[in-house]
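Trainee: There's a structure below that I have some questions on.
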Amino acid sequence: MQDKLIIRGARAHNLKNIDVEIPRDKLIVMTGLSGSGKSSLAFDTIYAEGQRRYVESLSAYARQFLGNMDKPDVDSIDGLSPAISIDQKTTSKNPRSTVGTVTEINDYLRLLYARVGIPYCKNGHGAITASSVEQIVDQVLILPERTRMQILAPVVRRKKGQHKAVFDRIQKDGYVRVRIDGDIMDVAEVPELSKNKMHNIEVVVDRLVQKDGIRGRLFDSIEAALHLGDGYVIIDTMDDHELIFSEHYSCPVCGFTVPELEPRLFSFNAPFGSCPTCDGLGIKLEVDLDLVIPDENKTLREGTLAPWNPISSNYYPQLLEQAMNAFGVDMDKPWKDLSDEDKKLVLHGSGDTAFHFHYQNDFGGVRDIDIPFEGIISNISRRYHETNSDFTRNVMRSYMNELPCATCHGYRLNDQALSVRVGGKEGLNIGQVSELSIADHLSLLTHLELSENEKTIATPIVKEIKDRLTFLNNVGLNYLTLSRSAGTLSGGESQRIRLATQIGSNLSGVLYILDEPSIGLHQRDNDRLISSLKKMRDLGNTLIVVEHDEDTMMAADWLVDVGPGAGALGGEIVASGTPRQVAKNKKSITGQYLSGKKKIPVPLDRRKGSGRFIEIKGAAENNLQNINVKFPLGKFIAVTGVSGSGKSTLVNSILKKVIAQKLNRNSEKPGKYKSISGIEHIDRLIDIDQSPIGRTPRSNPATYTGVFDDIRDLFAQTNEAKIRGYKKGRFSFNVKGGRCEACSGDGIIKIEMHFLPDVYVPCEVCHGTRYNSETLEVHYKDKNIAEILNMTVNDAAEFFAPIPKIARKIRTIKDVGLGYVTLGQPATTLSGGEAQRMKLASELHKRSTGKSFYILDEPTTGLHTDDIARLLKVLERFVDDGNTVLVIEHNLDVIKTADHIIDLGPEGGVGGGQVIATGTPEQVAEMTESYTGQYLKGRLNEK
């Protein structure tokens with residue numbers, strides 16, 4: 001087999017017909033500036049060709065179900081193995097997909113509970129066991145010699161009635177004696193029973209004395225009793241001691257029954273095991289009392305019930321007042337002071353009790369009717385489910401939230417599945433185990449108490465579970481729970497979960513391609529991730545990792561630096577060799593950072609800020625432990641901490657949502673907190689995330705930043721446009737007039753090929769320009785509108801330099817390091833990091849008030865160290881204008897430049913949620929209990 005992967009003539013996107021040779025069975029890191037062509041080489045060339053070759057080996061029938069498999073623009077690739085891509089874009093948004101299902105740990109857990117689990121009565125009557133006739137006989141024969149016993153078959157258990165038909169059947173079957181409510185009597189002499197009382201009726205099947213030779217008779221009698229008693233038998237030893245057995249998993253006291261234990265019982269995705277109320281989702285859309293009653297200090301008359309405020313109609317205020325008067329509820333007493341009974345009436349209604357309602361509308365219409373009072377919760381729920389109006393449904397939805405299911409308490413399973421425990425009476429059910437962190441789950445399995453027989457069955461299953469949990473632990477995900485919904489995971493988390501699954505598969509000879517697996521990972525956990533990558537390599541696999549992390553680059557066997565610049569300035573192999581060889585390469589920007597010749601400097605001094613704060617008290621959402629946090633304004637703030645320590649919960653779930661509620665009247669409910677102060681010191685909240693700037697190819701940098709409006713104005717003012725009577729709209733590709741109607745302004749035509757991938761070809765009429773020929777005849781400085789859109793930002797900045805209004809907006813795109821993109825580049829082709837910087841550019845050209853609050857969650861995702869240096873200059877411009885910038889970040893180059901650090905921890909999950917350190921980077925670096933401080937110290941010493 002070849003020992004090299006040889007790529008010849010790669011031209012995908014901006015790649016410039018490159019040739020590169022990469023060693024097989026090694027850990028290879030591909031790096032370079034954002035937009036340099038790393039992903040084009042790794043994913044769009046190497047992985048795409050690996051996938052295409054596999055799919056081509058399938059039948060035409062199978063290929064039609066596998067989607068598009070375009071042949072990448074490359075001359076040849078030799079030495080290619082089957083390829084598996086683990087990127088950040090394929091996170092499942094299915095609410096049924098959890099960490100447990102994605103990693104397949106749930107499959108093994110279900111098997112474990114089906115094989116060694118013991119059901120316990122949900123009503124507290126102890127363990128429920130199922131016994132065969134043979135097992136029951138064996139247990140009875142253990143009784144002491146000469147023990148007198150009678151074998152009873154329970155035919156009626158705690159049921160009202162006279163049960164005459166039961167006695168008739170007993171007599172027909174030839175039985176003589178029965179026990180009724182504890183008293184033995186002949187069937188023929190049974191008195192008439194009270195039909196309003198609960199009764200227990202047992203048939204006396206046999207009477208025996210314990211001695212040698214009774215096994216055969218005992219077996220027959222117990223078998224007959226089980227048949228008569230619907231699977232139950234009672235052994236009465238005549239000394240007030242009874243043994244109750246069942247051949248089903250059924251509680252002998254209350255009758256709670258569990259079906260035969262099999263894996264499907266423990267699946268929330270199967271009707272057999274899922275909770276019947278929430279269908280296995282664990283959540284239900286319910287009316288949220290906090291949204292219905294936002295202020296408990298208000299009275300009913302003052303409008304404490306938000307949905308029934310008299311904004312558009314006086315119907316509900318009239319209904320409420322007349323109902324409250326009828327039922328004697330004080331309309332002028334604050335909600336918090338009303339009795340529980342009065343609150344219940346307001347919320348849930350009066351049941352069947354009616355009151356007289358007289359209603360007159362604004363047009364004079366009168367309604368007199370006796371009706372029950374519905375209650376506001378029932379009213380919202382009914383209107384949400386019954387209305388045909390989208391507007392009404394959306395209004396009602398704004399008072400509802402996805403809350404844990406009241407039946408299964410969020411565990412997703414039915415009572416029968418949740419009654420089964422592993423590890424004895426004090427053991428946990430499968431729902432409780434799924435709520436444990438990975439670290440706690442590992443500890444539980446290590447100390448699991450099982451009988452010798454159970455150990456024999458469970459050992460191979462437990463090994464598989466522990467192996468997978470250990471892999472998750474080793475890639476820094478020890479804080480996650482198996483019940484965590486896959487849709488709530490970050491890109492880095494979901495990628496590392498799939499990475500752990502691949503390690504568990506123990507495949508060899510595979511080509512793995514990973515996209516920044518270190519995203520969201522604290523420096524402390526990075527070593528474990530690198531060890532996991534090396535373990536995959538040592539199994540005989542080739543790993544190509546697109547990465548910017550310095551530690552990962554230095555741990556690689558081979559480093560490929562793509563560049564030298566981004567976009568049209570990139571697409572070449574600048575350096576290819578060992579990390580040490582690349583570090584010595586003077587042409588490589590990556591090499592200069594690795595060797596220390598280039599670095600992001602530590603600021604000489606820190607900003608003092610405005611002296612004002614936003615302070616949150618009592619933050620207690622998720623794992624936050626009732627903490628108080630101050631965010632100083634007018635500073636560059638970094639919120640840090642190990643993965644899972646509570647950073648995103650504090651910033652995204654509480655701070656951001658509370659500010660949005662107060663400033664923007666956002667209805668999204670924030671996480672738990674007691675109070676917040678200082679919001680009056682800011683006037684804008686800007687959340688700059690990595691979501692796309694547009695969902696369609698029609699959105700592009702020019703339209704997003706607004707510069708396209710100015711460019712169209714400019715074209716409309718040209719002499720040619722005035723002569724022809726063209727207005728600004730003529731130069732839009734979104735509306736009829738100036739656009740090409742053959743492709744509706746898209747510039748491309750989609751051709752469906754059925755068994756082959758859909759093909760996109762340039763429009764034959766406009767040749768991809770998007771405009772009709774008449775529009776393209778209008779020129780500004782010898783360029784038509786299509787040629788302007790095809791310009792890179794760098795070229796456009798020079799071209800429009802004499803026009804300040806346009807030049808200023810284009811310069812901001814250049815300032816954030818996106819000079820290589822074209823003005824008309826479709827938004828769908830921009831990476832997350834590029835989209836985030838485009839949003840920053842859009843903010844840069846707006847006039848600053850000096851009171852804005854910017855939030856960025858891991859802005860360094862996808863950025864090279866050189867890109868980070870540019871990003872920091874942009875963020876510093878915001879702060880220098882008096883604004884506040886808050887970043888959630890693990891990158892030490894960003895953290896060391898911050899004015900103020902808030903470090904959470906000490907660990908992830910339940911071991912986190914505390915404020916470990918606050919202050920300048922220098923102050924945090926001196927705090928030994930801070931993991932961030934320990935790593936920061938080394939970076940600060942590089943001054």
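Yeah, the Cβs are placed from backbone N, Cα and C, and that goes for glycine too.
Quick caveat, the model's predicted, so the values are computed rather than measured.
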Trainee: If Swiss-Prot is the reference, give me the range from 27-54, 251-278, 531-558 marked as zinc finger.
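Mentor: Going through 27-54, 251-278, 531-558 one by one, Swiss-Prot gives zinc finger for 251-278.
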Trainee: For the zinc finger (251-278), what are the DSSP-based totals of helix, strand and coil residues?
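Mentor: DSSP composition of the zinc finger (251-278): 4 helix, 3 strand, 21 coil.
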Trainee: For Ser36 (ATP binding site), which DSSP three-state class applies?
Mentor: coil
Trainee: Same-chain Cβ contacts of the zinc finger (251-278) under 8 Å, 6 or more residues past its ends?
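Mentor: Here the qualifying positions are 96, 101, 106-107, 109-111, 113-115, 117, 119, 121-123, 125, 128, 130, 157, 232, 244-245, 284, 405-408, 411-417, 419-420, 430.
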Trainee: What three-state secondary structure does DSSP assign to Ser643 (ATP binding site)?
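Mentor: Assignment for Ser643 (ATP binding site) reads coil.
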Trainee: Could you tally the C-beta atoms, other than its own, that fall within 10 angstroms of the C-beta of Lys647 (ATP binding site)?
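Mentor: The answer is 27.
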Trainee: Once the chains shown are all counted, how many other Cβ atoms turn up within 10 Å of the Cβ of Ser34 (ATP binding site)?
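Mentor: Step by step: centre on the Cβ of Ser34 (ATP binding site), count other Cβ atoms within 10 Å, giving 27.
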Trainee: Give the mean pLDDT for the domain 'ABC transporter 1' (308-589) on the 0 to 100 scale.
Mentor: 90
Trainee: Within 10 Å of each Cβ, count the other Cβ atoms, then let me know which of the binding-site residues Ser36, Ser643, Ser645 comes out lowest.
Mentor: Ser643
